[in-house]
Each structure stands twice: as structure tokens, then as C-alpha cells.
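Noted in TrEMBL for the protein shown:
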type: DOMAIN; residues: 45-218; note: domain 'GTP cyclohydrolase I'
type: BINDING; residues: 114, 117, 185; note: Zn(2+) binding site
Ligand SMILES: Nc1nc2c(ncn2[C@@H]2O[C@H](COP(=O)(O)OP(=O)(O)OP(=O)(O)O)[C@@H](O)[C@H]2O)c(=O)[nH]1
Ligand SMILES: [Zn+2]
């Protein structure tokens, strides 16, 4: 039995490569208390079960480390946006230069994962805003997009979360987010359509007017 950080969580060690019953699920409230190391331990244990259930040979030296590799990848990389401690610190500057026009940060790489299949969502985000007196460090826009992407997502929520975070950071409603992405759960399995893409957008404040949107689209062409 392994005890994790004083929580009631216990997991039974697998007996060699034989399949054992699933360990008891942790309630969500206790999962949140686990630190990264403990989460990696629990996820690798479950992933080992998945591999064994699929009939994979965990004695194989190429597969032996896979449960821990996957667990580390989930916790420290592709789902790191689930940990609020990883939220980027946003640097704001005074708009001393009195820049009044639209700022567009385009072609920000999106690499997210669909929450239904845990398959990649790959695409681009374009973000625009008008300053309300504060200017954001450019790279912080990319970092915010990355942070919300590193979660199991649906594209609609991802678009809204980015828009909301920018509004809070910049203290303005004048924000637009446009996203175009390919969902590998649509392309590589199921309906297997490799050419379709999904387009989502959020327009608020000044971006609700036709003229401002036209200007934004002209920058994106
Ligand atoms: N709205 C929305 N749907 C998504 C997104 N990513 C994946 N999906 C869809 O989520 C749906 C899940 O539907 P289910 O019927 O439960 O899953 P499924 O049986 O695997 O469906 P198929 O993909 O059609 O084989 C699928 O239609 C996916 O295409 C997203 O970002 N937004
Ligand atoms: Zn999916």
C-alpha cells in the first residue's frame, strides 16, 4: 500500500504484470490536495492498469517507463493549466505613449486537448484589444493562451476563458479572440475528416461594431 501525503488515498501495488482490481477512486476534494509528485504517482498507477488491460507487456523495457512518462506529461506539461499556480504573472505597463489604436497579436499557436477524447486540438488564436490605459507585455498574451490551452478543453470554453482573462488583466471590455483549430478526435478517428477546421470567436466592447471587426479582419488577412 502507498500512502500519499497524509490523505486517505491508498493504492494497491500491482502484482507483477497481472491485472488487479482498480484502487478506490479519490474524491475530487482530496485530489486537489495532492501535490504534483503524488498526482504523478496516482496517475501512473492508473495508467499501468490501462496498459495491462490492453494486454501490453509491462516487462518490455520500452513500455516499462510509460505509465510514469504519461503521468509526468499530464501533470507537468499538457495539463499544467489545471494548476492555478502555473497561471502566468501578467506584466502591465502604463500607456504613456498614448497609443489609441487596435493592437493585434496574431497566429498564436494553440496546442490543446479535447476533453471528450483527450486527443490534440491544434490551431491558431488571434487576439486583439484597445488599451484602457494599460498595455500588456506581448509575450504575456501568448502565455495566457498557452495556460488555458493546457487543459482538457472544448474550443468554445477555451475561447471564452482567454477572452475573460484578458478583460480582467487589461481592465477593458474591448477585447476580441478568434480561434481556428483542427481537432484530431475528428481528423484521426471517428468521422476521420482530415480537412475540416473549427472556428470560434469572442467579440466584446468596441469589437461588437461592424467597422472595428472589419479592421480586425483586414489585419488577419
Ligand atoms: N462543441 C464541441 N464539440 C467537440 C469539441 N471537441 C470535440 N467535440 C465533439 O464532442 C463530441 C463527443 O460526442 P460523443 O458522441 O459523446 O463521442 P463519440 O461517440 O466518440 O463521437 P464521434 O466523434 O462522432 O465518434 C464529438 O462530436 C466531438 O466531435 C469542441 O471543442 N467543441
Ligand atoms: Zn474529442
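Note: Cβ is positioned from N, Cα and C throughout, glycine not excepted.
Whatever TrEMBL says is automated annotation, not expert-curated.
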Using the recorded Zn(2+) site (114, 117, 185) as reference, state which further residues of the same chain have their Cβ within 8 Å of the centre of those residues' Cβ atoms, listed in sequence order.
113, 115, 116, 118, 119, 121, 183, 184, 186, 189
Report the same-chain neighbours of residue 114 (Zn(2+) binding site): residues 6+ apart in sequence with Cβ closer than 8 Å to its Cβ, ordered by sequence.
120, 121, 152, 153, 154, 183, 184, 185
According to DSSP, collapsed to three classes, what secondary structure does residue 185 (Zn(2+) binding site) have?
helix
